[in-house]
Every structure is written in C-alpha cells, then in structure tokens.
C-alpha cells in the first residue's frame, strides 16, 4: 500500500514581507521628512549631552522633550550608537534649529527601520500562538499591520517611531488573547511609559484586567457583606499591582523630584482644540460648519438676519460687525496655526467639554467588558475607547487614527458584519494621513501604496472573516453606501492634488489655500464617524456577534 503522507500545517511567515518592505524603506531614506525629524534629533542631543535631571528642563530649541521617560531612555540608547562622522554632521548638537546633512538623515532613518523589527517579531508571535484553525486569519491581520500605509507614511517618510511603539502595545494584546494577564498589564504599562497617548486606552485595560484577572465573580455567591472580601483575588491583585507599580517606578523614579516639570511637558493644555491640520473627527465637522456659516453670513448678509430671528446671542454673534471683528482678531482655525482656535459663529469649545464627551463614550465602551471579559469584547472596547478619544479629544493629531485601526484589525476577523465599519475606518483614516506628505514627489507613493493595500486586504479580510451567525444580517447602513464613499475618495484626492498644483498659478485658487485641508478633514471625518456609529451599534445591540468562542 502506498504510504499516506500526513498533511503538514501551513507555515505563515512575515519574513518575505519584512524583506520587501525593507527595500522600499531604504529607497525612501532621502525622501521628504517633517519637523518631527529635527524633534527626534534634538532629543538625541539632549539625552546624550545633558544629565538626566535636565532632560525635561532643556528648551534651547522649541522641540523640547515631551514624551515619557522610557522614550527618553530609548533616545539615549540610540544616541550611544551615533558614529563620529554623524556627530560631526551636527546630529548631537543642542541648537535652536538643527543644522545637519545626509549622514544624520541616514542614521535616523535606519534607527526607525531597525526598531520596527520588533513589530514584525511581535506579529509573528501572534501568528505562531494562534490556533491552527485561525492561522490564516491571524496571518492576514499581522501582515496588514506589518505593511500598513500608516506606518509607511508616518514613520518612514514623515518620521516617527510608531512601528516600534505599537509593537509593545500589540504585545499586550497578544498576551491578553493568550490569557497571560500579568504580561498584558506589563506590556501596556511599558507602552504607556513610552508614549502617553496610550493613556486613552487605560479604561478598557483597567476594566478588562480587573474583571478577567482580579475579580472572582464566576464562583462568587453572596450570603452576607462579609463575603464581599472574597470577590477579589487578592493574590492576583498584588501581583498585577506590583508589576504595574514597578514598571512606573523604573520609568519615573529617576525624575521623582522633577515630576511637576515632567507632567507639564507631557500634558501641555495651552494648545488649542485642533491641530494645524484638523484631525478628521467631530471637531473638524464643527470647525467646517463654523467656517461655512461665517462665509455665508458675510457674503449674504440677509442670511444672518434670517438666522438672528430664530437664534439670539450668545449662541450667535450680535451683529455682522462682531463677526468681522472676530475674523480679524482671532485664529478661526483656517490659518493652519497651532494655537487656540476661536469660532466665529458657533459656541466656543472648552477642554472640560471634550474631556466629558470622551469619558462618556469610553464608559459606554467598557461597561460590557464588566459582564463579558472575553478577548473579543476587549478588542471592541479598545477600538471604541480609541475612537472616543480621537473623535472628541482635545488637540488630537491625525496620526492618532492608528490607535483605532490597530485594535480594530484584531477584531474584524471575528465576524463579517464588522467589515463595513472596518473598511470605512481604514480607508478614511489612511487617506486622512495624505496631507502629512504635501510635496508632489510623494503623491504617487502615498496614493498608489494605500490603494493597493486597500484592494488587497479588503478582499483578504472579506475572504477570511467568519460569516455572520445570526439569522438577521444586521449590517450598519448599507455595504453599497460604504463602497460609494470609498470610491469617492479617489476623485477627491486627485482633484485636491490638481488644485494644489494649480494654486500658485491662479489667484482665485490662492484665496482658498486652506480648502484642500478642510475637504480632507471633513470628508474623512464623515467616514470615521460613520464607522464609529456602525461599530457602536453592533457592539451594543448585536449580542450574538459577541458570543465568545474561547
């Protein structure tokens, strides 16, 4: 009889993805870089040249150190490998404005590429620790993150270290999936000590670890109030608390006498509501409406008279002269300045309001985790916590959309009903990053790479995600509307590029210089907010979707 060969399980490796992406990243070394490049160069200089206690006081340059201590230690570590010819190029000079050449550019670009190896390693661990039946899905998720357009645009052209930082966050996600709760808490604490933007995810981590690891609700039976002491697994609480406290002690301990100064650097509340380029969130729509109303009222005064009959001050300016005075005196958000934004027509927004809105929607996201601390619920809660902070937060950067896309990538494979929201979020989110690369030389790379990624992975996710288990296929809005929105992104991007190219030639186009950024912000915010609505509906009202398969 012929020997029957056992079918070997498929091997899913990210090695080929790393090699191919490495070649592209090396080609991008001499490309455009943003002011963030000099920011990190200055941080290299500060951590290399100054004593540790002076790191958060140094202000020769406007690019002061404003990341948590672990990232400062990371910059110090990188500075130890700066070659002598790069030092002589000005890489480690503490100056007001950096003066450097190609040696510094090459060195810093290579540090980003080298540090991103951790991302590929963590994603490979995610694949290898998945069940054999889930390896294909895990591979799609891991590869989509590994070659994400977001990391290419933000890290390898614009210049940051997000791939390395998100690797640590993903390590905590992988630990949670494998029920390694102490490692989950440890890696999240480390990530938080590297970049404080991860603080937005703290509510979902706190509730998840509390419910899954610390509280003993499964076997708990209430007979008297004395029994409440047994609801807590005290040993687990001590171990988890020790891990978290020890991590923060290592990070912040050397700065114990300078914590007030450090905190003022980490949380500069003097910044305005919106960034120079409006992040595509709720406040982008709010700002756009204010801008349109201002133009309409000034161009067509009768519309103001009509509106003032139904709306009275302070909800609307008392007169057209007041509108003109506000336009002349304040930054109305259309100048591309990073400072306090004052709305001309609509009521002003204060930090307290943005905090309350963010907190409200984050609380709604974490409550279900108290009753069902499954990995699927955890990922849904993390995605919605990220969305709440992105949509309603104060001074949100467009790059923060990665805080939403990454956890959603781990969630979407669980059910095809999530795919419409995911496609909306990723397409709008990645396109919203295009203004970061405003030079014409980068137009083809950012558009072609992003569109190819979208086509490949939208089909891959559709093929590998689980089919809906409920009888009624409740999909947010209509899949066709999602496709229409996504296809309209293509002409929007090309028309804006044409306007930018012709803007210097025609005076009429120069009068609408900020129109391109406004269209990007407004249209992408519509897609992201729609994705939030869709995911929120499924998260709160489609119970069969969240039935745990663990």
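Numbers here mean position along the shown chain, with the first residue as 1.
From the backbone N, Cα and C atoms, a Cβ is placed for every residue, glycine too.
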Discussion item. Same topological domain name for residue 134 and residue 536 in Swiss-Prot, and hence the same side of the membrane?
Written reply: yes
Worksheet item: For the record in Swiss-Prot, which of the ranges 315-335, 441-461 is the transmembrane segment one?
Response: 441-461
Worksheet entry | Chain residues in Cβ proximity to the transmembrane segment (514-534) (below 8 Å; excluding those fewer than six residues from its ends, i.e. six or more beyond) | 277-282, 284-285, 287-288, 291, 334-336, 384, 387, 390-391, 401, 420-422, 424-425, 427-429, 431-432, 434-435, 476-477, 485-486, 488-489, 492, 496, 499-500
Item to complete: With a Cβ cut-off under 8 Å, give me the same-chain residues at least six positions beyond the ends of the transmembrane segment (441-461) that come close to it.
Response: 28, 31-32, 140, 144, 147-149, 152-153, 157, 412-413, 419, 422-423, 426-427, 430-431, 433-434, 486, 490, 493, 497
Worksheet, complete the sentence: Comparing 151-171, 237-257, 476-496 for Cβ pairs under 8 Å with the transmembrane segment (393-413), the winner is 151-171
Discussion item. Looking only at the topological domain 'Lumenal' (414-417), how are its residues distributed among DSSP helix, strand and coil?
Written reply: 2 helix, 0 strand, 2 coil
Worksheet item: Helix, strand, coil residue numbers for the topological domain 'Lumenal' (131-150) per DSSP?
Response: 17 helix, 0 strand, 3 coil
